[in-house]
Every structure is written in structure tokens, then in C-alpha cells.
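Participant: Once you've had a glance at the structure underneath, I'll fire off some questions.
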Amino acid sequence: MYRKYSDGIIEVITGPMYSGKSEELIKRIKILQFANIKTLIVKQKFDTRFSHNEIVSRSGTKLNTIVASNVEEIKKVWNNTYKAIAIDEVQFFDKDIINYIDELASKGIRVIISGLDTDFARKPFGIMPELLAIADDVLKLKAVCFSCKNAGTHTFRITNDKDQKLLGDTESYQARCRKCHLEGEEQKIQMDNLKLNLSL
């Protein structure tokens, strides 16, 4: 999806796990590269699931990136020859990234970011609500529900860990529709109650 803008723009690609966010981000980056628009590609350092310094889609497509854990590390490699920036797993950055992204777009830079909008409990994930609020364009992707094969709109955590930032893949997470997500949470509560009763 190539669109030429004379002014900056913030594009957000979001949705649950397994919905193809990284695939869509890679596709947009490749189109920019084809159009000779120099793009800084950034990956959050926290995400080490598939590769340390690459964005990797589930279809196996890869792109080399710089790795950063905060805005200052991005600023060290940014220069005025870049006309676009793409950031994967943006939800893991702190609030400083919000103003930085807004500033870049205000200077005419095309900003493309991807990340989870909600966590395993269907609650807003980190800084994503603020980023969605300042976005010019939002694409919300859907996965396939692990349980019923309908559209999967939420990320379900198989384990009982409550930490919002818990790195994992198929061993820890599933995509689920609203109904199956709620049923899964209820089943986990029932299992916890059963374990508690057995321990008494």
C-alpha cells in the first residue's frame, strides 16, 4: 500500500498476536525501499523471540533492524537522510517514544509502527492508547481463534502469570475471539479454585 505524502504521517498496525502485524510492517517497509525512501527500521530490544536484530514474520520473512530499548538509542542512529521510520513491538517502549514519534511526523517523516493494542486481559497495552490517539491511519488486524476458528480479536494467555510484559509465543499465548477468550478466563478461575480446594 504505497501512498506518497508531502507531510508526515503516523500509521499504526495493531491487533492480537498471530494477526500478521510484522508481516504487514515488512510489506510496507519493502514498498518504501522500492520507492527509494530511506527508512530507519527499529526493533524493541525486549523482543528476542525469533531473532535479536531482525523483524521476523510468521511466514519467515525477515528484515535487518537496529535494536533499541529507548528513544535515546534511536536518536543516536537517526539522521536527516531518513525520510521514514518503522518500529516493531512499539508497545514495549516507554512514554518518551510518544513525543518522539509525534515530533518526527510533524517534521514530515512517515512513521509506521506496529504493536499489540491490548494485553492478555483485554486491557490497553502500555503506551498504545496514546499512540492510537495521535495516529493518522490505523489498521487493526485479526487472527484466527485457536478454539473456534472464528476471527480472533484478542490475545489469550495460557499460563496464570499476571505480568503484562511476559515474552512468549505458542507455549504461552493463543489468539481467541471474545467468546472463547472469556470462556478461557473462566476455566482458569475454575482450575485455580479447584487447586485451592484440593490443597485445603
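Any Cβ shown, glycine's included, is placed from N, Cα and C.
Given the structure is predicted, the values throughout are model-derived calculations rather than measurements.
According to Swiss-Prot, the protein carries these features:
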BINDING   GLY15, PRO16, MET17, TYR18, SER19, GLY20, LYS21, SER22, ASP88, GLU89, VAL90, GLN91  ATP binding site
ACT_SITE  GLU89  active site, proton acceptor
BINDING   CYS145, CYS148, CYS177, CYS180  Zn(2+) binding site
Participant: Rounded to the nearest angstrom, how far is the Cα of CYS177 (Zn(2+) binding site) from the Cα of ASP88 (ATP binding site)?
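Facilitator: ASP88 (ATP binding site) to CYS177 (Zn(2+) binding site), Cα-Cα distance: 24 Å.
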Participant: Which of the listed binding-site residues (VAL90, CYS145, CYS148, CYS180) has the least company, meaning the fewest other Cβ atoms within 10 Å of its Cβ?
Facilitator: CYS148
Participant: Need the DSSP three-state call for MET17 (ATP binding site) to compare against my parser.
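Facilitator: In three-state terms, MET17 (ATP binding site) counts as coil.
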Participant: Hey, does DSSP put CYS180 (Zn(2+) binding site) in a helix, a strand, or just coil?
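Facilitator: The residue in question, CYS180 (Zn(2+) binding site), is helix (DSSP, three-state).
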Participant: Distance between LYS21 (ATP binding site) and GLU89 (active site, proton acceptor) at the Cα atoms, whole Å?
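Facilitator: Between the alpha carbons of LYS21 (ATP binding site) and GLU89 (active site, proton acceptor) there are 9 Å.
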Participant: Please tell me which one of the binding-site residues listed here (CYS145, CYS148, CYS180) sits closest to SER19 (ATP binding site), measuring Cα to Cα?
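Facilitator: With Cα distances computed to SER19 (ATP binding site), the winner among CYS145, CYS148, CYS180 is CYS145.
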Participant: Enumerate same-chain residues with a sequence separation of six or more from MET17 (ATP binding site) and a Cβ-Cβ distance below 8 A; give 'none' if the list is empty.
Facilitator: LEU116, ALA143, THR155, TYR173, GLN174, ALA175
Participant: Using the recorded Zn(2+) site (CYS145, CYS148, CYS177, CYS180) as reference, state which further residues of the same chain have their Cβ within 8 Å of the centre of those residues' Cβ atoms, listed in sequence order.
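Facilitator: Other same-chain residues with Cβ inside the cutoff are PHE146, SER147, LYS149, ASN150, ALA151, GLY152, ARG176, ARG178, LYS179, HIS181.
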